[in-house]
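Here is the structure we will look at, set down as structure tokens.
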Amino acid sequence: MKSRFSTVDLRAVLAELNASLLGMRVNNVYDVDNKTYLIRLQKPDFKATLLLESGIRIHTTEFEWPKNMMPSSFAMKCRKHLKSRRLVSAKQLGVDRIVDFQFGSDEAAYHLIIELYDRGNIVLTDYEYLILNILRFRTDEADDVKFAVRERYPIDHARAAEPLLTLERLTEVIAAAPKGEVLKRVLNPLLPYGPALIEHCLIESGFSGNAKVDEKLESKDIEKILVCVQRAEDYLRKTSNFNGKGYIIQKREAKPSLDADKPAEDILTYEEFHPFLFSQHLQCPYIEFESFDKAVDEFYSKIEGQKIDLKALQQEKQALKKLDNVRKDHENRLEALQQAQEIDKLKGELIEMNLQIVDRAIQVVRSALANQIDWTEIGVIVKEAQAQGDPVACAIKELKLQTNHVTMLLRNPYLLSEEEDGDGDASIENSDAEAPKGKKKKQKNKQLQKPQKNKPLLVDVDLSLSAYANAKKYYDHKRYAAKKTQRTVEAAEKAFKSAEKKTKQTLKEVQTVTSIQKARKVYWFEKFLWFISSENYLIIGGRDQQQNEIIVKRYLTPGDIYVHADLHGATSCVIKNPTGEPIPPRTLTEAGTMALCYSAAWDARVITSAWWVYHHQVSKTAPTGEYLTTGSFMIRGKKNFLPPSYLMMGFSFLFKVDESCVWRHRGERKVRVQDEDMETLTSCTSELMAEEMEQLEGGDSSEEETEELHGMPGDVELMTQVDQEDIAVHSGRDELSSEDGEAKAVTKDQEPIGEMKEEEEDTFEYPDTTIDLSHLQSQRPLQKLAPREESLNSNDSKSQGRRHLSAKERREMKKKKLPCESGDLEVIEEKDKERESAVHTEAYQNTSKNVAAGQPMKRGQKSKMKKMKEKYKDQDDEDRELIMKLLASAGSNKEEKGKKGKKGKPKDEPVKKPPQKPRGGQRVLDVVKEPPSLQVLAHDLQDLAVDDPHDDKEEHDLDQQGNEENLFDSLTGQPHPEDVLMFAIPICAPYTIMTNYKYKVKLTPGVQKKGKAAKTALNSFMHSKEATAREKDLFRSVKDTDLSRNIPGKVKVSAPNLLHVKRK
């Protein structure tokens, strides 16, 4: 396969570039890899991309080549000097494969020099050819030239054009060439035309394309060769103003097939590209293009895809070759056994035919051995007898006394001597070759011919046996070989069927993986750390400081959210939000988990909080006198801290489904409200609790407590919605400090029913008689709230329930509405002081004190408090805080209390704004205005959704996000059996988003390397009973490098039945 330009190719493409690109200005310079660069050129009505590959090629391209995320230093230097400059000329230096591109004129000119020979090079120089930057530093010792920055590029050292070879010089060259060398190889180093053009000219002059140098070349032949050289020079001149066509020469490869009846398929692959259609290619398949530049672009752009085809073809050939080798091996074994049977049978028959001679020979040798004659003397005696014409001695060909055998040459005595060929000795079979041993024996046995009965045969005769016994021994060998042949045939059939089945499976896998790799589309976000949240938001993060910089500069757009953690190595995460609507809390928490897991917290196993800000709060402008390094940004304004996240990631696969199947998966990752998400929430919470908090497995109330609960009519609604564990959580939550320093304690005082009802109607929008279940999981969205009318209508039935009011709220209400006695007021103020002084004490102790101070405990509460103290006696403050953060138990009630407190204040009293502290419960949506809580806005949105049953939010989002959301809908972790699956993409994301995924494993900090962990997870998926054949094929097609690239550090893999899969 042709891989680089020849001189003819270079001149042809330069002629086309000069005709199309001169006068265009450089828009930008990009690097594809360390050897390939793209120069974007433009003029008012035309744009073009010039591709340069050091040592290989130069051409324009219409294909989209992948560019490096961060431009290299060479590309940056080219941008600095070449950007916005006009391309003035593109010329070849001498006849060497060196191109000089000049950008700009006179002293403002810069030269970009590309070397297309040897290892290649790209050099940027100024107008005096002083090197400003160079791709590959080197020293040319032969010319004493150093290629380095600030050195002068030696343009005068390029190979100059030489006069045509003379007849005398050509004769000398051919005479000095080694005999048998191909003629075009002899001429190629002397001429600048390239082997293809030389071969074409040789064919045109009547030579063979592979003509060799030998003694038969006469003077007239050398003259013909000289004519060939002149023709090649004419072609080279044509390329100076080339405006012809381009040709890609194809190679036809036969695709192997297991079916003999099926016609063989041909695969056409690109082999060469040329500006002319040469004579040697007339019989080959080829593709014609309107220009050579387009032919080269097509050749190199499709070569990668064809490499996949060729690799698959080689794998198929290798698989079929193995099957063919198995078949031939069994055939050779059977043939060797058949021959062994025939030889043993013939030897037995020859011994029977020559009984007297064999018996006589056995007796003579036995007698000599019995007389203790030396073995050497016995040999001498045999030779003397042979010289005298003794028939017995003539039959003995060799004495093998060390093995107690004699080799005899036996003939069929019933055949006339004329029937025996004179060269019978040449076909004598060696009796030692009873069975093939080793590869050499196998090769010899392939050439063995059938033994002929009329030919003499060498037979080994055992001296310890009689002639008949020796014949019987050979017949026994024959019978044993027959049985062995039968067993071999049966085993061969089984082995061949197994090999054939395995080969078919291999061929199928190769074809499937090849088709998947071709269909596989690499999305723009895969170069980053990424995942799609449980609510269909794309979250991307940088792998390093450079990618962090790029993400903020290029991909942080208005409406997006920036998420980070104050830890070393933490990635900068961006939540893409094309609609501009408020990001749900669950997605924010998942992005925070990602920021933490891709930081030093993973290896240190530290649980902490991430934070988020709006896009306009992120800036690269540093304060006066300070400098921001790469990947560092200035955050202006308030940071909104998220709840602490557990270091828990998951590994899974997203399947790309066909467009016809996308409708099945719309809404899989929509923003869910309480009624829709309760089942998912419960299962996910139970899974997390079981895996991470085994100490909280209990919590069921006893029969006595259940009876006590049912015995309290005023608390029926409350107690039937929460278990004792929830009570403990609420008890610990009640005394958590608020943002402004006040302790928002939940009071258990029971107000009179009439007063309760009156305050409820005037002050509160919702009666506090139900338990908000959003604390069960910190990531889930806020639940729906009942409409005001419904809550007002249900006041009578709910007025007996207990409301939890802070001391401040009750104080304000009593000032506003009820004249209270001074004693009662003093009691309330004392309670306030007690709560403020006890902010950081244990939650269940505070709760018990407050209940005791307010009023006597109700029936059953004393025993409950005693059991709660016993259950949580081993918990310290840190453990309790972690549990509270996991369950997010204070989230929704705080917001409700805040709203209630504001409505309870007089209108002329300003609402007190809490200070900005790093708490997950408060998130800012607008920095300019008074910051409403994110949860409050989410409640308002959900209220609208409740009021309008025909919510068209999903359709609105679809219109806003367009193709991007369609893409996310086509990537699913829950493939349907009837889906048409295109390919699979490995994904590493917070484990909470994978609740409904078909395949998933949990990753936590551990000691296993990520490559091995990815293979363990893949092996688990492959052995899953639910895995279909297509899904397994998709798993196999994923490259090993793509599997583990997003896994954070060293991990521990956890999944159901993982140990059972490993044993398999």
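Backbone N, Cα and C define each Cβ position, glycine as well.
Per Swiss-Prot, the phosphoserine annotation among the candidates Ser702, Ser737, Ser799 falls on Ser737.
Of all ranges given (481-512, 897-928), Swiss-Prot attaches the label coiled coil to 481-512. Per Swiss-Prot, the residue annotated phosphoserine among Ser417, Ser778, Ser970 is Ser417. Sequence-distant contacts of the coiled coil (481-512) (same chain, six or more residues past either end, CB-CB distance under 8 Å): 258, 312, 315-316, 319-320, 322-323, 326-327, 330, 333-334, 337-338, 340-341, 344, 1033, 1036-1037. Across the compositional bias 'Basic residues' (859-870), DSSP classifies residues as 10 helix, 0 strand, 2 coil.
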